[in-house]
């Protein structure tokens, strides 16, 4: 049971495994804060109309958050690794819990920007005040004139009201801003607790030592950088050869000529090789030696992705 729990929770280390991820998440959060501030100054304009305030206020908080969430999912490479895995191999190698954690990792990273947007919107309070001003009970306001109702309360965010209701507007605004900011601080606290618990589970469940995890992180980062750089050079040289074959010559600058001379490219990699290094990776050891990625496993000539007498599945990692 303990081994099963450890296997299923180790995948959560994806979100917090490298400093690069934390820096990226920080930049995403800062960019979201700036975007929300710009939106509030330029675009937000409460309609101050019954039945419209609520929809507009919730849309101002929820629609940008939803858009940011979807963009985060689309821009996450793990999403497309999962799609490739499902298309090529299915998820037969994953337990239900591991599959759930895989989705959780993708969604967790994509949630950075929308959570930041929601928190800043709640702390500012304008959208919340706009959405809920008409729902304040007049009976909760001391000596509120009986002849006024929800239609007047809905105009409070725009300061469009009879002069004798100014003090009530200030009280309603103060009350709703308090509620909005309270929800914002609670959301921050909940997210902080979840991050703390996730990191604790990650360190408690990981079978790897701290130094090996650090090495694994460095390896994956370096492999990705070198692969992208080499793929860019390889594709440029191959394109140059094909253009030359078509036109009889190719217009290259000095740097490109040096690349063509230094790195001869004979052809392209066959599809089975691309398929072998693409998809969700299950970290495993082969005869006691770690395999850090699909590319590493392919280079060592290890076949399959499931458990075997020679290999032991240890950590789920989309790489």
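The backbone N, Cα and C atoms fix where each Cβ goes, and this holds for glycine too.
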Remark   = transmembrane segment per TrEMBL, picked from 142-161, 162-181, 182-201, is residues 182-201
Inquiry  = Please identify the range among 21-42, 219-240 that TrEMBL labels transmembrane segment.
reply    = 21-42
Task = Please give the sequence-distant neighbours of the transmembrane segment (54-75): residues at least 6 beyond its ends with Cβ less than 8 Å from one of its Cβ atoms.
result = 28, 32, 35-36, 39, 44, 46-47, 106-107, 109-115, 117-118, 121-122, 127-132, 134-135
